[in-house]
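Engineer: Quick paste from TrEMBL:
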TRANSMEM  A:32-52  transmembrane segment
TRANSMEM  A:64-86  transmembrane segment
TRANSMEM  A:92-109  transmembrane segment
TRANSMEM  A:121-148  transmembrane segment
TRANSMEM  A:154-175  transmembrane segment
TRANSMEM  A:187-211  transmembrane segment
TRANSMEM  A:240-261  transmembrane segment
TRANSMEM  A:282-309  transmembrane segment
Amino acid sequence: MENIKMNKDVVAPAANQEGIWDNLKKKMPKDMGIFLVMIGIALVFEVLGWVFRGQTFLMNPGRLVLIVLQVAIIGIIAVGVTQVIITTGIDLSSGSLVALTAVVAASLAQTADSISPMYPALVDLPAIVPILAGIGVGLLCGVINGYLITKTGIPPFIATLGMMVSARGLAQYYTQGNPISFLSDGFTAIGSGSMPVVIFLVVAVIFHIALKHTRYGKYVYAIGGNMTSARVSGINVDKYLVIVYSIAGALSGLAGIVMAARVSSGQSSMGMAYELDAIAAAVIGGTSLMGGVGRITGCVIGAIILGLMKSGFTFIGVDTYMQDIIKGGIIVGAVVIDMRRNRAKR
Amino acid sequence: MYPYVLEAEGISKGFPGVKALDNVTLKIRPGSVHALMGENGAGKSTLMKCLIGIYTPDTGTIKVKGKEMSFCDTMDALHSGISMIHQELNLVPYMTVAENIWLGREPMKGLFVDHDILYRKTDQLLRQLNIKVKPDEMVGELSIGTQQMIEIAKAVSYDADVVIMDEPTSALTEGEVFHLFRIINDLKEQGKSIVYISHKMDEIFEITDEISIFRDGTYVGSDKTEHFDRQTLITRMVGRELTQMFPKFNDNIGEEVLRIDNLSRVGKFHDVSFSLKRGEILGVAGLVGAGRSEVMESLFGVHPADSGSIVLEGQQVTIGSPAQAIDLGLAFLTEDRKKSGLFLVLSVLENMSIVKMPKYIDNRGFVKHSDMAKDCLEQIRKLNIKTPTMDQIINNLSGGNQQKVLIARWLLAQPKILILDEPTRGIDVGAKAEIYKLISELANRGVAIIMVSSELPEILGMSDRVMVMHEGHITGILDKADATQEKILELASE
């Protein structure tokens, strides 16, 4: 009762009472805060670069591409995971799907001069076959995730945890633990140079538009905002949830083939713990685990921040174990700040 | 001795931007039943929360038995002898009656709960209050009314001097209400005081000794109950004559649009049959748990019925999902705004446009934002929704304005049949009157309306016919001319 009255009076005059800074803040894009954090981190490394290494960190175009390149694969996954998290779900299976799709795609991308090809009858296939196979396997696993969650009612955490374990096992069973190498040039082309960055950005743009300007996007936010209300508003919630998990699966598949192409090999140990980096990128980028809130632009910035940190720490010579310790702290810190910001709004 | 067991004076409590309580006074005599009256939003609940330590008042003093107190939390208040029965049930369904009553203060034997003493004490308490439940029954398996009685037993078990009861009878049958009144009288004889909050006039005049009235966060006055009659009490509560709340009626009721026959859902409602005409407002009355909302949910396809038929404009239809219901021209404003209506983190625009979304898609698959914004602005203007912009996050709006946004959401779908479940719950008087006006206008334009409500004045003031439900059955359908408060209450609790 009281907050009703409280708000009634707050809302109207609030617009006038706000300072210039608040007005400015309103006009800025929603991701400006995290964008400034990204710039800040980059500048810190620039300074540290001069202090420790006596050279520039940022003014090296090669390194800038490298920063994004390092996170392009994580970023592709994170675009799917962001959508899942917006619906209040979670996807733990993406890292394992990277491995599974990478080995499946690699097994269909081998050349005739492979020493022991998996399918001697199926060598030198056009690149489109392994690409579609990889994405297809990812999509199929995503569909299974979606149906498990909507038809049995088990929590997304459990459904995708099961998929995570099974998909990894399947990848190992499929390869018997051996790497699959000698991949065709046509296939490895999608992982060479800065192609992964291009693919990441194209995927990001497509889903940014889908979330902002299509019915699919509106319904995804509504489902995450309040699943019951969405259902009563006539939205086929189950259908859209299956679509969201399918997209996440397909994007993991895309990440898997890019990865296999990049290293010219499919291995069942690929993509270990990538799901966690993808979730971290989404969350650092402002996606709320409570659902209903999140943007692809934020997720891209989140992924770049992860890349910046990795590249920056390596550049100034922090050892890799130390890097993980700091990364953990930064992920938790980002969410703490995000929760405070949300609480201040209420 | 002290003249008052509880004395709150000059209590003010502000929240950012508003004063919820402004210099309010409440004095409770020992051994009396004191009614608190006022419309929703009058500040009754805020005052009670100050008295039991949930809120700290900004100014003012609270004296218990003549001694000034300041409570940090509800435990403080309980120790000083003030306990409260909340409007919502606060019981743990998976625990036994005994465990619930003594939750947080279980008798201990070393490190372990002493179950012997726990059940013996509970048995004693239930016997004393004449509540016929076994201490080891699971609370979740009891009826809502019995659960409410357990709440009451729990409040009594604190041996408090003042027991605050916030709408204690909303879920009780007539027999249980009678039982509660006996308990209240017993407590009174033991010298305890009761603060009694209820919207039910009959109860107020039957059980209370004194009445304090609140309006818009201010204290209007107190007097002995016998000095009031119904009309003066209402006038002082509302600050104006209530008759003007409800606009004039539609005499232009058309042909039948909906006919429900023997609709049943196992365990929820049975053999529900009624009809609805174009331009008609059908009020649906009954106690909480009578199955009213459940019928509406089945009609709208949220939880489809097990058997029975729905005939819409002469066509037999099956409604298996809300999407189907919407396609057939139905709209459903749900009972619980926050739980099944609003998208709290989304904007006014997004909240309003969600049902009509398929119509906003152009042939390339993109959302036509300009059409959406145009509709939204028009509704904001027509319904007088107070929001700085349509991009405002809806959580920042008042309850009344949130409700109007939800109504606008359904109006955009241009329904033939509009189902309103508690359309004015928890919103202030001004917004209420506007919503009543809107409902009448819609009926005038030929929309058939079903209005489920627990507020009898609203049912009596708005409905062309009143359907009353009790424990999953329709117990009567009254024409406007025959519908009186007494008749409805009788049918609702028979």
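Including glycine, each Cβ sits where the backbone N, Cα and C put it.
Caution: TrEMBL annotation is automatic and unverified by curators.
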Engineer: Are the transmembrane segment (A:32-52) and the transmembrane segment (A:187-211) close enough that 3 or more Cβ pairs fall under 8 Å, when only pairs 6 or more apart in sequence count?
Structural biologist: no
Engineer: Look over the recorded stretches A:32-52, A:64-86, A:92-109, A:121-148 and say which has the most C-beta pairs under 8 A to the transmembrane segment (A:240-261).
Structural biologist: A:121-148
Engineer: So what's near the transmembrane segment (A:64-86) in sequence-distant terms, Cβ-Cβ under 8 Å and 6+ beyond its ends?
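Structural biologist: For the transmembrane segment (A:64-86), the nonlocal Cβ contacts are 58, 94-95, 98, 156, 194, 196-197, 199-200, 203-204, 207, 211, 220-221, 224, 244-245, 247-252, 254-255, 258-259, 262, 274-275, 277-279, 281-283, 285, 287-289, 291-296, 298-300, 302-304, 306-308, 310-311.
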Engineer: I need to check the long-range neighbours of the transmembrane segment (A:92-109): which residues 6 or more away from its ends have a CB within less than 8 Å of a CB in the stretch?
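Structural biologist: Beyond its ends, the transmembrane segment (A:92-109) has Cβ neighbours at 73, 77, 80-81, 118-119, 122, 125, 127, 129-131, 133-135, 137-138, 141-142, 145, 157, 160-161, 163-168, 170-171, 174-175, 180-181, 183-184, 187-188, 248-249, 251-253, 255-257, 259-261, 265-276, 278.
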Engineer: Mind checking which residues of the chain, 6+ beyond the ends of the transmembrane segment (A:154-175), have their Cβ under 8 Å from one of its Cβ atoms?
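Structural biologist: 84, 89-93, 95-97, 99-100, 102-104, 107, 141, 144-145, 148, 245, 266-268, 275.
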